[in-house]
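Engineer: In case it's useful when we look at the structure, here is the feature table from TrEMBL:
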BINDING   79, 131, 132, 148  S-adenosyl-L-methionine binding site
Ligand SMILES: C[S@@+](CC[C@H](N)C(=O)[O-])C[C@H]1O[C@@H](n2cnc3c(N)ncnc32)[C@H](O)[C@@H]1O
């Protein structure tokens with residue numbers, strides 16, 4: 001289990017409400033939190049302001065995505081940064097018997113991701129690449145694509161369009177601008193989608209996209 005540090009302790013009640021009760025999984029989340037704190041000092045991986053509330057802002061915010069597609073086993077996370085949501089999903093997939101691919105362009109962040117995957121036993125592979133250079137590799141072999149704080153919705157859909165057309169769903173966490181991002185995206189895309197209220201922020205939504213169709217030639 002994670003040692004006690006400024007991030008506090010895991011909120012077992014919220015994790016339990018998400019169906020996450022495995023002591024081993026929660027211990028692995030704790031290792032992630034400890035390593036994030038350790039690396040953050042030198043590598044500046046995430047915004048410092050999020051660290052005091054790291055369990056809610058990073059761990060639980062990420063883990064909630066798993067509960068939205070619990071049967072999916074082949075995941076892809078774009079712009080993985082400091083590991084949210086990709087590493088937490090990889091920890092959950094280690095127990096569920098699945099795998100996640102993490103695409104991240106920044107070498108320093110990729111080094112952290114590889115380290116923390118080793119430390120936690122997350123079922124995940126890091127690709128130090130730009131999304132636009134490698135997204136084609138994941139067409140037809142992906143059940144769910146995720147991306148948090150990477151780009152506006154229209155850009156995320158444009159990047160992942162072939163993955164979505166090949167049968168994947170998308171889970172894109174979004175903040176207060178979600179409605180305007182949807183309006184912008186709907187100029188080019190007709191989407192079967194729903195907005196799910198975030199378990200960590202009542203103003204935030206997870207956009208779950210089941211299918212897309214181009215509206216412009
Ligand atoms: C704001 S951070 C978000 C990180 C993480 N998903 C989170 O929510 O904490 C965006 C990340 O995407 C990466 N990134 C931006 N554009 C990218 C691209 N075209 N291909 C791959 N990674 C990219 C950046 O290096 C950065 O780590």
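Heads up, the Cβ atoms here are built off N, Cα and C, so glycines get one too.
Bear in mind that TrEMBL entries carry predicted annotations, made automatically and left uncurated.
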Engineer: Sorted by position, what residues of the same chain at least six away from residue 131 (S-adenosyl-L-methionine binding site) have a C-beta under 8 A from it?
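Structural biologist: Same-chain residues close to residue 131 (S-adenosyl-L-methionine binding site) (Cβ under 8 Å, separated by 6 or more) are 78, 79, 103, 105, 150, 159.
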Engineer: If you count Cβ atoms within 10 Å of each one, which of the binding-site residues 132, 148 comes out on top?
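Structural biologist: Per the Cβ count within 10 Å, the most buried is 148.
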Engineer: Reduce the DSSP letter at residue 148 (S-adenosyl-L-methionine binding site) to three states and note it down.
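Structural biologist: Note: residue 148 (S-adenosyl-L-methionine binding site) is coil by DSSP, not helix or strand.
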Engineer: The record names 79, 131, 132, 148 as the residues that bind S-adenosyl-L-methionine; what is their largest Cα to Cα distance in Å?
Structural biologist: 16
Engineer: Including all protein chains displayed, how many Cβ atoms other than that of residue 79 (S-adenosyl-L-methionine binding site) lie within 10 Å of its Cβ?
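Structural biologist: Within a 10 Å radius of the Cβ of residue 79 (S-adenosyl-L-methionine binding site) lie 21 other Cβ atoms.
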